[in-house]
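Written below as structure tokens is the structure these notes are about.
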Amino acid sequence: MHIDIFSGSKNNTVFVNRLWNDYKDGFGNASSDYWVGLKHMHAMTAKSHKYLVVRLFFRSNSSSTPILSSAAYKRFAVKNESYSYRLKIADYDVENSALSTLCTNPCKNGGRCKYDVTTDKHLCLCKKEFGGPNCEWRNLCASRPCKNGATCEVTSSTQFKCLCRDGFREALCQTPVTCADYPCSNNAPCKENGGVASCACPEGTTGNVTCADRPCLAGGTCYEFAGSITCICPRDHFGLYCTIPVTCAAKPCKNGATCTDVEGVAMCTLPITCADQPCVAGGSCKEKDLKAECTCPTNRIGRYCESMCRRA
């Protein structure tokens, strides 16, 4: 592979604030600091597009060692003087850009790091069984725990929630809404057909529930759009019209998760397993009843070997 170097700086000895002809013809010393010149760059790139790599060295606050970073472009050319040596560039090469060196390996569990040039922050691309900003969470939605077309949303490393479609309720959206949950206005009777509740409207009324009917209970907020309504329920209720309190009595937690009522809201917490790598300070992990147990070194104690032994 042939490599052309357009500019180099080793000793910072060359004054770069120059006139146009200097930038056109080039200046400096090839063995030290130099600029090859725009007309030479045009000659190098006129017949075929080149692969351009811009390399930068910088120092971080935490290290005195210079860090190399670069940006890579798959197609690069410099037009001739009649076009003022205009730069032609395309196809930023994300895969081979050394901007990933700015990530400093924050991604866990086999996640791949990319540097987001838009936000100036790293971005972790996680394997499907993991999630979280740094792929530190097991993706609890990977097993598709939510039923009846509900959307699963991971809320923490050990918790998830299901966003139910209309007509279903419970923590996993596994139960159809029945007449017991369905508030019909104007004392209209409720009927169930195929497990779906509907109101039998009296003469002079329609079946279209609007926010004017105040259908959202338990302090839920009603929104109306395109002839249908949506209830945004408070944390302690769910269901089509926020009629169902979220409690552990409904046994919503699966896969060995523990249910806890927190301010009237059922929270599911999965047990910590060896896959979470909970044992620190060289502790070894074994699972018992789907839970992690750590065997600690002689100088460590605690459930996860997190504390040092103290002399009596």
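Quick reminder: no glycine exception, Cβ is built from N, Cα and C everywhere.
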Candidates Cys285, Cys305 - disulfide partner of Cys296 as recorded in TrEMBL: Cys305
TrEMBL annotation, disulfide partner of Cys173 among Cys164, Cys184: Cys164
Among Cys103, Cys124, cysteine joined to Cys107 by disulfide in TrEMBL: Cys124
Separation of alpha carbons, Cys107 (disulfide bond) and Cys296 (disulfide bond) (Å): 26
The domain 'EGF-like' (137-174): DSSP-derived helix, strand, coil residue counts: 0 helix, 12 strand, 26 coil
Cα-to-Cα gap, Cys113 (disulfide bond) vs Cys305 (disulfide bond), nearest whole Å: 30
Among Cys107, Cys126, Cys242, Cys305, which are recorded as disulfide-bonded residues, the nearest neighbour of Cys173 (disulfide bond) by Cα: Cys242
Confidence summary for the domain 'EGF-like' (207-243), mean pLDDT rounded: 76
Spatial neighbours of Cys305 (disulfide bond) among the disulfide-bonded residues Cys107, Cys126, Cys164, Cys233, Cys242 [C-alpha, 10 Å]: none
Cys107 (disulfide bond): nearby disulfide-bonded residues from Cys164, Cys233, Cys242, Cα cut-off 10 Å: none
